[in-house]
Amino acid sequence: MAADKPHMNLAVIGHIDHGKSTTVGRMMFETGAVPAHIIEAYRKEAESKGKATFEFAWVMDNLKEERERGITIDIAHKRFDTPKYYFTVVDCPGHRDFVKNMITGASQADAAILVVAAPDGVMEQTKEHVFLARTLGITQIIIAINKMDAVKFDEKRFNEVKKELSDLIKMVGYKPEETLFIPISSLQGINIKANSPETPWYKGPALIPALDTFKEPSKPTDKPLRLPIQDSYSISGIGTVPVGRVETGIMKKGMKVSFMPANKDGEIKSIEMHHEEIPQAVPGDNVGFNVRGIAKGDIRRGDVCGPAEQPPTVADEFTAQVVVLQHPSAITVGYTPVFHCHTTQTACTFIELKKKLDPRSGQTKEENPTFLKTGDAAIVQIKPTKPMVIENVKELPQLGRFAVRDMGSTIAAGMCIAIQPKQMR
């Protein structure tokens, strides 16, 4: 059913306990993505426990308990269909690797739903997630004002929260006038699949129909080819077969290519996807390809393949805009954590802290700060300890974002805004 529909990755973001999982669960439930036999099993159990009314929240609690017990109904890769799209819900914040995944492209979201609880309004993580979504290039967002049942579906409260959110999203560059704000109750299923009589004052679409107002993400086929290598195999009788996903541009048979920072050249002999030979590969395609002139030891994970005439950019240094997500103390000049960018993991040094920014408005708050701490946004100068490919986020955003990791956690997220390239030839 999904093959002929465009696919979108959807991030569900918002403050803890504002109802993200319940909203995802409810959307899956309403679109028929939670198998009937699971619902039936819960219904029977509910009856046996004397819960005459079968409540959706109870299903969600059970799913949660089962996850805690280690029995997974695969809510990690949650997918559901709308009339227009099929959606995969990518890791929601709260998962440790959410930020890293979002940035390194393991789950680059095309759009987001921001869930905000009506009684609370904008909270700390609401701000952080909105800022991150914007920093990470999510241009389309729908706002679900949840737990409307807790405020008796009061239009006045809805409008107060809407105003607060409009101010917040405007600061980071979303347009409130083009954004849908939907009053919902995920627990009660209000305004999820269809408009409810509980909110006669609300004239917009319910949440699931609203998802079909998202624009289909365009494939960056007009950009130069960039294919970060995930792995490289040596296959007898064929030769070297690198494997990876096309991020931008088009790979064609017969094309002359360069691998950076390995600084090796070759020619594409054949391209394969799902064990079938294809004449060309476009963004989103996971392919294996055979290259004439390349030996197995020449290239490795983290190298990037591009056209010989427009090879991938190797940075000697680069300027980045970063947001510090969590650091036990402070980041100072000389700090050298690992940068995860496309498929590379390279240790890089903070060589200059240029300025601290107001994370919400992007205005300069302080020139040449001495340190950065959790919650700070800044412009910094970075020097990789060994050659690595990174691109300017304005030109090739897919290779311009990165996560900064240290001691097993994501310290910061960022994007490359200028590069001092290394001359490779």
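Yeah, the Cβs are placed from backbone N, Cα and C, and that goes for glycine too.
Swiss-Prot has this to say about the protein:
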type	residues	note
BINDING	14-21, 91-95, 146-149	GTP binding site
DOMAIN	5-221	domain 'tr-type G'
REGION	14-21	region 'G1'
REGION	146-149	region 'G4'
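Taking H, G and I as helix, E and B as strand and the rest as coil, DSSP gives the region 'G1' (14-21) the counts 2 helix, 0 strand, 6 coil. Taken together, the residues of the domain 'tr-type G' (5-221) have an average pLDDT of 80. Neighbour density around each Cβ, counted as other Cβ atoms within 10 Å, peaks among the binding-site residues Gly14, Asp17, Lys20, Met148 at Met148. Sorting each residue of the region 'G4' (146-149) by its DSSP state yields 2 helix, 1 strand, 1 coil.
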